[in-house]
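Accompanying notes for the structure given below.
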Amino acid sequence: MSDLLPSALDLARFQFAFTVVWHFLFPAFTIGLASYLAVLEGLWLWTDRGAYLDTYRYWLKIFAVAFAMGVVSGIVMSYQFGTNWSVFADKTSPVLGPLLGYEVLTAFFLEAGFLGVMLFGLGRVGPRLHFVATCFVAGGTLLSAFWILAANSWMQTPTGHATGADGQFIPESWLAIIFNPSFPYRFAHTVTAAYLTTAMIVGAVGAWHLLRDRMNERARIMFSMAMWMAAIVAPMQLLIGDLHGVNSYHHQPTKVAAMEGHFETERRAPSILFGMPDADAGVTRGQIAIPGFASLYLTHSLDGEVKGLKAFPKDTWPTNIPLVFWAFRIMVGLGMLMIALGVASLILRWRDNLYDSPWLHRFAVAMGPSGLVAVTAGWTVTEAGRQPFTVYGLLRTADSVAPIAAPAVAASLAAFVVVYFVVFGAGIAYLFHLFRQAPEAGEHGPPQGQPVRTAGITPAPGLVNRETHGAEPRQAGIRP
Amino acid sequence: MSIDLTLIWALLIATAVLLYVVMDGFDLGVGILFPAEAARAERDVMVNSVAPVWDGNETWLVLGGGGLFAVFPLAYATIFPALYMPLILMLLALVFRGVAFEMRFRARTSAGETWWDRAFSWGSFAAAFLQGVCLGAIVQGIRVEGRAYAGGWWDWLTPFSVLTGVALVVGYGLLGACWLIWKTDGALQARCRNYARVLGFATLGFIAVISLMMVIQSAAFRERWLTLPNMLYAAPVPVLLALLAWRFHRALAKGEDGMPFLCALGFFLLSYAGLGISMWPMIVPPSVTIWQAATHPSSQLFLLVGAAVLVPVILVYTGYVYWIFRGKVRHGEGYH
């Protein structure tokens, strides 16, 4: 009977997975959105076209909500290492601690400090300084990604350290630790994924409103910019992902074998499109495969030898191979659809039909959540594929967990599940409410008569004047 | 003479924690005063007064936790499991409260408004109380064997830690009231003066009771505070506190705007210094010192180089942001 009850380790793993997946949904969206806001505000300053400011304000309200949820769920993460993974924390702290410390010092303070200016300061500091604040927030999100990915990549491909007393990792070369072998690929892959995630959401919202009013200028701006992003960056992502895969093959061969569903080592290794890996039997059943293709993209030779899982001790195999296998297919499949969307938009743009093709707009709406799903699937591949280690090849997950009792973890897990679904559920429902509102000329937020506050809702007097002399003077009258 | 990196780090992290306590303290305090101010318009002014800065305030909490992980891993890996439940509940309270900041202004139904207001207020109460509980539990001591926590799951819950929890709610309420005296005017400000008077004397009462309990309960604390010559070094703390209490009383009586807040900050600073005197050089009382808990010197040095440059920069731009949002917050005005 006791075998049926999950252990403290299982519960701690599940709790980490649950909280980190929820958490990452928000930064995956806000990293891209912060840059998008900076571009919109820059375009507004450069062209003086009011529609850019409207679009900026529209997305700023959404950014404020998503960012708040990212911050509070992130604080939970920074404490969870200590509560649930204290042995891991103790052993890896000399290496990971300073990386996370730098994240706080360079990124979090920058984002949090200037977010206030971004949301409330437009009338207090003037448009140019406000633009600087937006850029600081956007830069902060990228710096944050830099450090957290350096830390994660080191856990995947650890270098630059020695092993000290008590099994601690002692830093030897900080350059080697930060710029570890998988870092450049992982950083590029993740930031690009975040940009695509934002592009899919912005594109879907733009398309949704174009389906209702294809003349809406703000919706056109959103849709057009998002489609440029899909057309240019989605194919780039395929290339980056391929390079990342080759890198993983060299440094984490068991992960790649699980992704590919390869148990046997072979030349002319097939690329298995679909199938069902069976770890106990050591075969992938029901394969639909392209012969030789895996050898081609992993070794860049049709004839190259690709190692299968059986080349490695079974106690180093990822613990959930079907999960890794299928999550990888979901990520790649969605990536292909994003490329298709981008290509379709290019063709229609060339034919001057970008804003008049309802089927494309419906496709874009359907693709709205694809970035978030793909990012979650991608992280599942990378994290589940790293098992059974927290520091690949060096520190086992089972040896990382805190000396905690299963009931304590179970109780806190239940609390997290309830609170996250209630709070973030309400937050996300509210985001959908915002998405459904058409981006208006003179965009300034909630209906009038509500208490004045937040997120660029109240236009600054200076801005009303500026726009009166701008390209679209008719908007000025709408403002209070 | 070599530089004691660990000592520098202990001071830096202590500073980060203090900055967190006073900065998030006043914005948690605003939530704690919510039940006293039922009117929607007053509540909006109160939240508007902290809306642009709360996020930055909370970042000091991340630096405190992150700094402990980076520099004193043994403290991080033993204190956090020991305080498992209060810490997780505190984080969940902060989740409610942080999201409520954005949501309470956007609720579309009056039930929604009420519930987001409650999320904000109850979240503030719970976070403040649980931080106080954690503080009390640390002061009481945490059992460490080897490099791991060796106590039970309910060790943190004692009459003393509940008392420190209540004390911190009152103290944060005081900071919130004084902040609002500074940032508002009119009837709200006048009522906040009354809150501050009550909460101020309650805070001083709690400081006295907790200090007394500490010296009664612990021989180590008695030795610090009640034997010569230590007593002479420690004496300025209670003396300054008494002077400050008098100044605080005068500031409220004279209707000064900024001074009550400064005095309340002083109460926290002196209490914190008192704690430091009691605990030094333990980081996990009663057995682990800052040097035993410290990480590898190379890690300390690597992060210190950055902190030496970045912390002053952060302080400058944080100050700049506060300056941008200077002045009184008024009804229906918000920030624009």
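Residue positions begin at 1 at the first shown residue.
Using N, Cα and C of the backbone, Cβ positions are placed for all residues, glycine too.
Curation plays no part in TrEMBL annotations; they are all automatic predictions.
Under the heading region 'Disordered', TrEMBL lists A:442-480. According to TrEMBL, the feature transmembrane segment maps to A:20-46, A:58-79, A:99-122, A:129-150, A:192-211, A:223-240, A:323-348, A:360-381, A:401-432.
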- Does the transmembrane segment (A:192-211) reach the transmembrane segment (A:360-381), going by 3 or more CB pairs under 8 Å (6 or more apart in sequence)? yes
- Contact between the transmembrane segment (A:58-79) and the transmembrane segment (A:360-381) (at least 3 Cβ pairs under 8 Å, separation 6+): no
- Going through A:129-150, A:360-381, A:401-432 one by one, which has the most CB pairs that fall under 8 Å from the transmembrane segment (A:99-122)? A:129-150
- Item | Long-range Cβ neighbours of the transmembrane segment (A:401-432) (under 8 Å; 6 or more residues past either end) | 5-9, 11-12, 14-15, 18-19, 22, 62, 65-66, 68-69, 73, 76, 82-88
- Item | Other parts of the chain folded back onto the transmembrane segment (A:129-150), taken as Cβ under 8 Å at six or more residues beyond its ends | 27, 30-31, 34-35, 37-38, 41-42, 45, 99-100, 102-103, 106-108, 110-111, 113-115, 117-118, 121-122, 177-180, 183, 186-187, 190-191, 194
